[in-house]
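J.: Got a structure here, written out as structure tokens. Questions coming.
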Amino acid sequence: MTDILLFTQALAREAGKLIVDERANAALTREYKNADELVTNADIKADQFICEAIARQFPEHQILSEESSPDIGAVQKITNPLWIIDPIDGTVNYAHGHKHSAISIAYVEDAQTKVGVVYNPFSEELFCTELGKGAFLNGNPISVSIETELRRSLIATGFPYDKSTLAPMIPRLHAVLTNCADIRRIGSAALDICFLAMGRLDGYYESLSIWDFAAARLIAKEAGAECGHFSEVPTGIDPQFYDRDILIANPLIYPLLRALLQETDKAEPTE
Ligand code: IPD
Ligand code: CA
Ligand code: CA
């Protein structure tokens, strides 16, 4: 295990303790950014804690974090190593007392995600990976499901805070509910993708922000998932960082789910 992975795991665990303690011991404040996006004092505190620890250890590295430095452009102009952080993925779950939220930390070097850690401190499940070395849950290797049929597949997705962008999601939901075994909206994209990586889910699709998926996507890839999109990736954009219409699935289900979503979008174009 490299020093970067060890550092990242320790950091995720410490931040995890912070968010558990914060909810147990302090009054959570709720605020809304961009009108409807919930953010608590714990999101801010965990973000600061993670960013400060990275800046102390690696002062020359860049940081892209949801709450304190959300400059998406940083991904397109990476010069130094870059850390991509979601201090709490699943804030709505967290603020409502659920135990399904995670710290997500990815490390990018030479324009490649090299390390990913996703940690749910409530279930004490730590998913991690290093590029080319497989994916692990609490130290044990994980791999994607071997489900071959859409009608037996469990699919997860999520919905944006911005309700004005919901329209195309309704026909997709109808298509998936009609053609697949069932659907889950569990409330943390990072954990959805890690669940896919270990076979608890067979397919996953959603439009996200980079901090939601940067770590989990590599975990899924290293666990054998096919990671792509069900719409065109614009020219000049690196697909590993493209956040629209993400599709991740076991390789057997991937082409079937992709075709289903593409046919649905073609039949019900929404502009
Ligand atoms: C959200 C969660 C959710 C997804 C949303 C994300 P947050 O992240 O990952 O599952 O559907 O699109 O914004 O706000 O809890 O960090
Ligand atoms: Ca998130
Ligand atoms: Ca978040």
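Glycine residues also receive a Cβ, built from the backbone N, Cα and C atoms like all the rest.
Pulled the feature table from TrEMBL, pasting it below:
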| type | residues | note |
| --- | --- | --- |
| BINDING | Glu66, Asp86, Ile88, Asp89, Asp212 | Mg(2+) binding site |
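Tell me about the setting of these features in this model.
T.: In sequence order, Asp43, Asp47, Ile85, Asp86, Pro87, Ser209, Trp211 constitute the residues six or more apart from Glu66 (Mg(2+) binding site) in its chain with CB-CB distances below 8 Å.
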J.: Three-state secondary structure of Glu66 (Mg(2+) binding site) from DSSP?
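T.: Reduced to three states, the DSSP call for Glu66 (Mg(2+) binding site) is coil.
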J.: Out of Asp86, Asp89, Asp212, which of the binding-site residues is least crowded by other Cβ atoms within 10 Å?
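T.: Per-residue Cβ counts within 10 Å for the binding-site residues Asp86, Asp89, Asp212 bottom out at Asp212.
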J.: Among all protein chains shown, how many Cβ atoms are found within 10 Å of the Cβ of Ile88 (Mg(2+) binding site), not counting that one?
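T.: 31, counting other Cβ atoms within 10 Å of Ile88 (Mg(2+) binding site).
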J.: Other residues near the Mg(2+) site, CB within 8 A of the CB centroid of Glu66, Asp86, Ile88, Asp89, Asp212?
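T.: Neighbours found: Ile85, Pro87, Gly90, Thr91, Ala102, Ser104, Ser188, Ala189, Ala190, Ser209, Trp211.
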